[in-house]
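Quick notes on the structure that follows.
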Amino acid sequence: MITSLSSLSSGIITVGLPQIAKDVNLEERLYLWPSSVFSLTAGSTLLLAGAVADIVDTRLMELTGCTLLGIFTLALGFSQTGIQLVVFRALQGIAIAIHWPCSVSLVAQYIPNGKARNIGFACLGLAMPLGFSVGLLLGGFLVDSIGWRVGFYITGAIMLVQSFTGYRIVPAGPKAHNIMSRLLKELDWIGAMIACSSLAMFSYVLAILSADSDNIREPSAITMLVFSTVLMISFPVWMRFQEGRGRPALVPNKLWRNLPFTSICVMTILTTGVQNANELFSSLYFQEVQELSALQASLRLMPSTVIAIFLNFTTGSLIHRTPVFWLMLISTILTAGSPLLMALINPAWSYWKGAFFAQSLAPLGGDILFTVGLLIVSEGFPDKTQALAGAVYSTLSFLGVSLGTNLMQVVSLLVTKGTQYRDKSSPGALLQGYQASFWAMFALTMACLVICFCGLRNVGKIGLKRE
């Protein structure tokens with residue numbers, strides 16, 4: 001429920017972004033910050049939150065994250081300036097980073113391996129498109145009627161009610177003892193700090209580049225990019241050092257020597273980035289190029305969310321019967337058709353001639369990959385660190401969202417700047433920028449296809465019950 005409500009608020013942001021930006025005076029160059037900063041803060045804090053949750057009471061961490069989500073979602077509705085909106089969205093990202101690994105851990109703790117756990121993980125995936133679809137419809141309706149703020153008021157209030165209800169419903173696990181001592185001895189603090197700092201700086205550089213590509217010349221941007229690169233390189237070195245001493249390593253290097261594990265991780269980054277960027281730029285295309293209302297745009301995005309819901313209902317039940325390679329190969333090929341169609345269609349064409357099929361194909365790869373990826377990643381970690389496993393997978397997803405959204409924005413801005421239109425905010429100028437972004441999404445999806453063929457061709461069925 002909480003995951004659905006979080007996705008609901010993201011749906012409101014996606015479809016209501018043009019009007020929200022006007023109401024809070026958000027500069028056009030910062031248009032995508034409400035989306036990207038959420039991924040930036042979530043992605044850079046997930047590993048630490050997941051590692052802590054495995055030592056501290058998972059139930060307590062889960063309920064804390066849910067409560068904070070409710071508070072910061074309510075705060076979004078009260079935002080009066082663009083800065084306030086971005087700050088509260090960033091805090092919302094930290095709250096989801098506390099909640100999400102705990103939800104994965106709770107599923108792993110209380111549901112045994114096999115079909116039941118497959119369905120459990122699929123339900124976590126189902127919650128996201130389900131909430132997002134409601135957010136699209138609710139956001140489109142509210143923007144065109146009583147205002148987008150009401151959506152955040154309603155969502156935040158329900159989150160808080162759910163959080164307080166959770167204190168009675170969520171089962172308590174074994175009581176944790178010697179928490180402070182275990183945090184000091186069992187948690188790889190230096191590894192967590194290296195990972196969090198490198199991801200935060202890298203994501204921030206991407207975010208400021210999406211605002212203005214010339215920012216790459218700024219000394220601060222260059223410094224942060226260099227530092228983040230150095231930290232990323234030092235992470236596996238530190239992991240090796242920890243393993244050599246017999247000390248806890250946040251993400252052991254041996255995991256990356258597993259080709260399917262590494263392939264799934266890279267595919268998750270690329271696919272999640274493309275899927276999120278596709279949703280956002282499709283919404284902007286319908287509103288800024290075709291000049292449709294927010295509600296009309298949200299209705300045009302609905303095929304994607306309806307199919308995503310169907311996929312998550314069925315994937316958990318079928319994944320243990322179908323080889324992963326063929327499942328991912330076919331779904332990735334079909335998904336590539338979505339950005340390709342969006343890049344080729346004429347704005348004057350009927351929605352049913354091209355955009356409908358593009359939106360219908362959009363979720364196939366990403367939503368099937370969610371369940372497949374979560375199962376493969378969770379199986380790579382021992383049972384006692386399932387929150388960390390969820391955090392690793394979620395970090396990859398949020399890194400993908402940040403990378404995809406900001407990279408596509410850079411492509412769009414550069415192409416729009418180079419057009420012959422005097423008014424760079426005109427539908428014609430924006431169209432050329434959006435089309436370039438869709439072509440870039442198509443290229444990334446084809447890269448996923450290559451990775452799938454090379455890394456997953458020997459992977460058979462997963463999610464089988466252990467006797």
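Every residue gets a Cβ built from N, Cα and C, even glycine.
According to TrEMBL:
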DOMAIN    1-460  domain 'Major facilitator superfamily (MFS) profile'
TRANSMEM  31-53  transmembrane segment
TRANSMEM  60-78  transmembrane segment
TRANSMEM  90-111  transmembrane segment
TRANSMEM  118-138  transmembrane segment
TRANSMEM  150-170  transmembrane segment
TRANSMEM  190-209  transmembrane segment
TRANSMEM  221-239  transmembrane segment
TRANSMEM  325-345  transmembrane segment
TRANSMEM  357-378  transmembrane segment
TRANSMEM  390-416  transmembrane segment
TRANSMEM  436-456  transmembrane segment
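For the transmembrane segment (390-416), the partner stretch with the most Cβ pairs below 8 Å, chosen from 31-53, 150-170, 436-456, is 31-53.
Only sequence-distant pairs (6 or more apart) were considered; of these, at least three Cβ pairs between the transmembrane segment (60-78) and the transmembrane segment (150-170) are under 8 A, so the stretches are in contact. Counting Cβ pairs under 8 Å that are 6 or more residues apart, the transmembrane segment (221-239) and the transmembrane segment (190-209) reach 3 or more and are in contact. For the transmembrane segment (436-456), the list of distant contacts is 259-260, 262-264, 266-267, 270-271, 273-274, 277-278, 281, 324-325, 328-329, 332-333, 335-336, 339-340, 342-343, 365, 404, 407-409, 411-412, 414-415: same-chain residues at least six beyond its ends, Cβ to Cβ under 8 Å.
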